[in-house]
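These come from TrEMBL:
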TRANSMEM  6-23  transmembrane segment
TRANSMEM  44-66  transmembrane segment
TRANSMEM  86-104  transmembrane segment
TRANSMEM  116-138  transmembrane segment
TRANSMEM  150-168  transmembrane segment
Amino acid sequence: MYTDLFYFWAVLFILITISIIIFKKEKDNRLEVNYVKLNINQNYLLIPSIWVLAIALLTTEFGFAAADQSLLILKLIDAGLPKDNVMVIISSMYIVKIITPMFVSKYTSGPKPMSVYLNLTPFRIIWSITFVIFIYYITKFTTTNGKIDFPIYYYVILVFIFLINYVRHTYNYMSVARLAWFNRISDPRFGGTYMTLLNTLSHISRYWSTSTAIFMIDFLTFKECSSDYKNNCSTSNLSNTCKSNGDSCILNVDESAMCIFFGIGWYYIFKIKLINVQAKSSSHWMVNVKNNKVMKIETTEYKMVENSYER
């Protein structure tokens, strides 16, 4: 069933993309008098503060990877929580993610939206620690017939943690604040491509951070059997042996600690830098088309003279 579903959406996406290529006609800007073709190096990368912003955006999400939804789902299921229950809780959170931005926009529409992002960063890191502690205590529950019995209050606490995570200060608030700042600094003449570049850097940060954290699970996760400290549960056979005896694998250390320490370091390194960048006027972020145009004309003239000498 899942294969057919993915196949259907894959074909649909391909058909829509092909239809856009065939039927969507774009205006040919090359016919305009003042047309200047600039690459990324000639416009965005010449802006002095864009390098600081790019590095900050590419690394910001790694500090929050410990509480990333994809990683949490894997850890909760690995700890013994039924997969169906996990997916029901996660799916219900999408309603919160849809509603929350409508209420947070008034807090991010001020003159300093990046300050909102920076103010919420420590709270998001702290809340990541609550997830780590929560998952650590999962294995403390008593085991019956090889299965962990989770009391009702456990699910209530889990829903509460997810709810606070989504409503209070994580993805919704910080994403809206970040996008508000992108909108504020983007050059209106290149608004679409300017915002796309900045937003792409943010998405790359999120995906590489999650992928790296998942990759490090096998190397940085250390467990031991609750009744046999010699069994480190490092393989599926050792883990099954522990569970077959009515015990469970207790988590000692995992990669979440490194992510949290990285997030703390990122905050102290980039906080002042981003505040200073945010304080710059909108003209600081403008693409200097005039200078680039002069450079282009000079380069063209130089090539023409060079070709004439060769002849």
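For all residues, glycine too, the Cβ spot is worked out from N, Cα and C.
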Counting Cβ pairs under 8 Å that sit 6 or more residues apart, are there three or more between the transmembrane segment (116-138) and the transmembrane segment (150-168)?
yes
Cβ under 8 Å to the transmembrane segment (44-66), counting only same-chain residues 6 or more beyond its ends: which ones?
121, 124-125, 128-129, 131-132, 170, 194, 197-198, 201-202, 204-206, 208-210, 212-213, 255-256, 259-260, 262-267, 270, 273-274, 277, 280, 284-285, 287-288, 292
Under 8 Å between C-beta atoms and at least six residues away from its ends: which parts of the chain pack against the transmembrane segment (86-104)?
69, 73, 76-77, 155, 158-159, 162-163, 166-167, 171-173, 176
